[in-house]
Amino acid sequence: MNYFPIFANLAGRPVLVVGGGAVAARKISLLLKAGAEVRVAAKHLNAELSALAAENKILWLAEEFRAEHIRTVFLIIAASSDQALNRRVFHLAESCQKPVNVVDDRDHCSFIFPSVIDRNPVQIAVSSSGSAPVLARLLRERLEALLPPSLGDMAEISGRWRDAVKGKLKSVTERRRFWEKQFNGRFAALVKNRQNTLAERELAGQLEQSRQNDQGGSVSLVGAGPGDAGLLTLKGLQEIQQADVVLYDALVSDGILSLVRRDAERIFVGKRARGGRTPQEDTNALMVRLAREGRRVVRLKGGDPFVFGRGGEELETLARHQIPFSVVPGITAAVGATAYAGIPLTHRDYAQSAVFVTGHRKADAPDIEWQTLARSRQTLVIYMGALKAALIAERLQQHGRSPDTPAAVISQGTLPAQKTATGTLANLAELAETAPNPALIVIGEVVGLHEKLAWFGENAKKESNPAEHAYFALDGLGTGQEQQAA
């Protein structure tokens with residue numbers, strides 16, 4: 001974090017602006033909106049600022065900047081056309097430990113101005129830390145289009161009702177759930193349609209009913225996808241933003257975790273084939289206990305919870321204890337990682353089916369049907385199989401799969417560190433030996449297309465259209481690699 005985001009209350013506070021031209025006028029306009037007492041140090045003012053001075057909306061000092069000007073002000077903005085003067089202002093302000101901004105000179109600023117979406121009292125600031133102002137402006141434009149003009153009205157009405165809600169609903173959790181329901185329900189729709197009187201009646205009715213409603217806990221099983229935060233579903237994002245507590249495993253990426261509601265408790269219940277693990281029974285018991293405490297629990301799992309994620313086992317436990325639950329599917333690793341590696345799971349010329357199998361089974365599980373897995377013209381994807389790659393290759397060859405069958409090991413799928421090692425079934429063990437976990441094994445003729453179709457990360461064979469990726473990032477407002485590249 002290059003800059004700490006903070007909103008300052010400038011109402012009635014003295015702010016010094018050095019300069020009397022168009023640049024200074026733009027900053028002064030914003031300061032006046034915030035209620036600041038603006039003082040302008042300049043020998044001459046342009047027409048716009050002269051009019052403001054004549055109306056006593058700003059205090060014109062009518063002289064060049066002097067060091068004494070900064071002593072009694074809250075913050076300083078240097079916006080003159082004289083670069084040397086601006087930098088002098090900066091150094092003097094720094095010596096007095098006063099916040100100072102030199103317009104268009106990031107190296108001489110103790111604070112910077114973000115792009116702002118104003119839905120007063122709702123304000124959203126967007127900043128690139130001064131690195132890419134145009135990108136920040138484009139993001140602001142996208143957000144402006146997404147956010148309804150009625151957002152400010154919604155905030156104002158909510159502010160008027162805040163004390164009443166606090167008096168009726170005693171716990172923080174109850175109040176948070178109440179407001180989440182209103183902002184996603186009929187109240188919000190009425191405000192959007194400018195029916196504010198009806199909206200307040202709706203709010204009153206909902207508040208009256210709120211204490212009668214069952215506020216018991218629940219569990220939502222959410223698939224986090226293969227890693228890239230941009231692949232998290234909208235429903236999944238909503239769930240982790242509304243959770244009281246999130247139980248997550250080792251396959252959930254940092255990018256996904258950064259989207260979890262900040263006040264939510266996070267509990268790691270991870271497991272990996274090579275390392276320690278949280279017993280599944282302990283995780284099941286924890287979900288039940290937290291839900292019975294009345295908390296909204298999200299069980300966040302890498303990939304899809306019903307594809308080798310033990311999601312079914314966890315839901316059986318919840319059903320047995322009569323805990324309300326829901327499921328949000330996610331993009332499973334076999335789909336996400338192969339797509340990012342440029343390996344289509346099916347192809348009319350090479351594979352008419354795709355089979356997913358796990359290399360990590362229960363001790364008493366029946367043996368795998370190797371004859372079925374060794375069939376040609378199908379794509380075989382093996383989860384958690386890196387430790388058993390030699391055995392897998394041996395058994396498939398014993399049951400008729402050619403040692404020349406293309407094979408790949410994809411590590412850190414869909415993440416910036418993704419690596420795709422390709423070879424054949426004959427050297428699969430060597431490919432897997434050096435692959436960092438989590439790794440996915442892909443076997444089949446479609447792997448041969450990787451060389452031609454790879455588009456992401458270090459294995460990409462050709463340049464993508466940067467403009468397309470930038471547009472996709474801004475259009476989706478995602479947090480995946482496309483946005484990082486932009």
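Backbone N, Cα and C define each Cβ position, glycine as well.
According to Swiss-Prot, the protein carries these features:
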REGION    1-203  region 'Precorrin-2 dehydrogenase /sirohydrochlorin ferrochelatase'
BINDING   Ala22, Val23, Lys43, His44  NAD(+) binding site
MOD_RES   Ser128  phosphoserine
REGION    217-486  region 'Uroporphyrinogen-III C-methyltransferase'
BINDING   Pro226, Gly302, Gly303, Asp304, Val307, Thr332, Ala333, Met384, Gly413  S-adenosyl-L-methionine binding site
ACT_SITE  Asp249  active site, proton acceptor
ACT_SITE  Lys271  active site, proton donor
Practice item. Fill in the CA-CA distance, Val23 (NAD(+) binding site) to Ser128 (phosphoserine), as an integer in Å. Key: 20
Exercise for review: Starting from the Cβ centroid of Pro226, Gly302, Gly303, Asp304, Val307, Thr332, Ala333, Met384, Gly413, the recorded S-adenosyl-L-methionine site, name every other residue in that chain with its Cβ within 8 Å, sequence order please.
Suggested key: Gly225, Leu251, Phe308, Gly309, Gly330, Ile331, Ala334, Val335, Gly336, Ala337, Tyr383, Leu440
Point to revise | Mapped DSSP class for Ala333 (S-adenosyl-L-methionine binding site), helix or strand or coil | key: helix
Revision key, fill the gap. Pairwise CA distances across Ala22, Val23, Lys43, His44 (listed as binding NAD(+)) top out, in Å, at 15
Point to revise | Spatial neighbour of Val307 (S-adenosyl-L-methionine binding site) that is closest, considering only the recorded positions Ala22, His44, Asp249 and their CA atoms | key: Asp249
Practice item. Determine the mean pLDDT over the region 'Uroporphyrinogen-III C-methyltransferase' (217-486), rounding to the nearest whole number. Key: 87
